[in-house]
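Per TrEMBL, these features apply:
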{"type": "COMPBIAS", "residues": "312-324", "note": "compositional bias 'Polar residues'"}
{"type": "DOMAIN", "residues": "134-253", "note": "domain 'Palmitoyltransferase DHHC'"}
{"type": "REGION", "residues": "312-374", "note": "region 'Disordered'"}
{"type": "TRANSMEM", "residues": "25-45", "note": "transmembrane segment"}
{"type": "TRANSMEM", "residues": "57-79", "note": "transmembrane segment"}
{"type": "TRANSMEM", "residues": "179-197", "note": "transmembrane segment"}
{"type": "TRANSMEM", "residues": "217-239", "note": "transmembrane segment"}
Amino acid sequence: MAAPPPPAAGAPGAWGGVRRRCQRLLYWVPVLFISSILCWSYYAYVTQLCLLTMTNIGEKVVCLVAYHIFFMLFVWSYWKTIFTLPMNPSKEFHLSYSDKESLEREPRGESQQEVLRRAAKDLPIYTRTMSGAIRYCDRCHLVKPDRCHHCSVCDKCILKMDHHCPWVNNCVGFSNYKFFLLFLAYSLLYCLFIAATDLQYFIKFWTNGLPDTQAKFHIMFLFFAAAMFSVSLSSLFGYHCWLVSKNKSTLEVFRAPIFRHRTDKNGFSLGFSKNLRQVFGDEKKYWLVPVFSSLGDGCSFPTCLVNQDPEQASTPGGLNSTSKSENHLFPAKPLRDSQSHLLTDAPSWPETAAKADKGKVGMSNPALTMENET
């Protein structure tokens, strides 16, 4: 059978494609804006300030070496944040062809609940929608992993989505959140370094202590730009440091994760040290370098539940699972080896109990319904 001809010029489909291409180009405007400021700052600092204005050779060398270190780390982390593709849920979370057909064919109700029960029963998911339903994306046709959300800009489900950042034209999530944090840190250090070393020449500008050349205007605007960006970046970086310490995403601050029987705003927090390692990894030599070292696979996360779900494996003997005063670390299985050791100092679940309850996950929840949540 011959393929259908392409839409004619002026057809709605053709105009839709042109509009999408124009939108994609416009999304790069903030990135080009940051890049242009960065290029100008390099010229203003290296050429106008260091080479043409500074007279002390030792000061020139120290400033140029330190500046290029901050500049390299800034550009490297910014590049990685922009061009690291966000991770999407693995194939295990996608509905099979037969399940998708059944979901579309059956009317909303118990039949659709049964389809989603079958799809979710062996998946390591513990969060629900506000109505207690399995988190299902009807655009991607998949059961959403914990902390996964659908990005309306990328039109994809993003693992551990934090937010869509226009300044990097990318979703910030599991695959590039560490790069984003380093980008904020090194851009802040970059601006603070420029402001600190430019301050004395900025003062000379107002006291007529600089020669009457174009360099003095670059020096003035360079200080203003560095100071203003330092203020905004310090608040943003401080906010994300707080998120890391609490093991939260920006989306989870505005809507706390909902587990099977209650909302728990600190449900994923394992303590400061483990929260930090979940983002930066175990090997400290990689913490300050823009290379991927985060723990886990992005599809399942260790969970700290105040009230343990009775549908899950029971606690070891001697522990009261209904106590509200104790926090129990609940391992969301399966976890990658690099992440499951975060729970090693917590009580381990009996293997027999885990096997006995494996078939119950996602099956005995009467509130299991499909909800189109983005």
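Yeah, the Cβs are placed from backbone N, Cα and C, and that goes for glycine too.
Just so you know, TrEMBL annotations are computer predictions that nobody has curated.
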Across the domain 'Palmitoyltransferase DHHC' (134-253), what are the DSSP residue counts per state (helix, strand, coil)?
66 helix, 18 strand, 36 coil
Looking only at residues six or more beyond either end of the transmembrane segment (179-197), which have a C-beta under 8 A from one in the stretch?
41, 45, 49, 63, 66-67, 70-71, 73-74, 77-78, 80-81, 84, 162, 165, 168, 172, 222-223, 225-227, 229-230, 233-234, 236-237, 240-241, 244, 279, 288, 290
Restricting to the same chain and to residues at least six past its boundaries, which positions have a Cβ under 8 Å from a Cβ of the transmembrane segment (25-45)?
67, 71, 74-75, 78, 82, 153, 166-169, 194, 198, 218-219, 221-222, 225-226
Segment-level pLDDT (mean, integer) for the domain 'Palmitoyltransferase DHHC' (134-253):
94
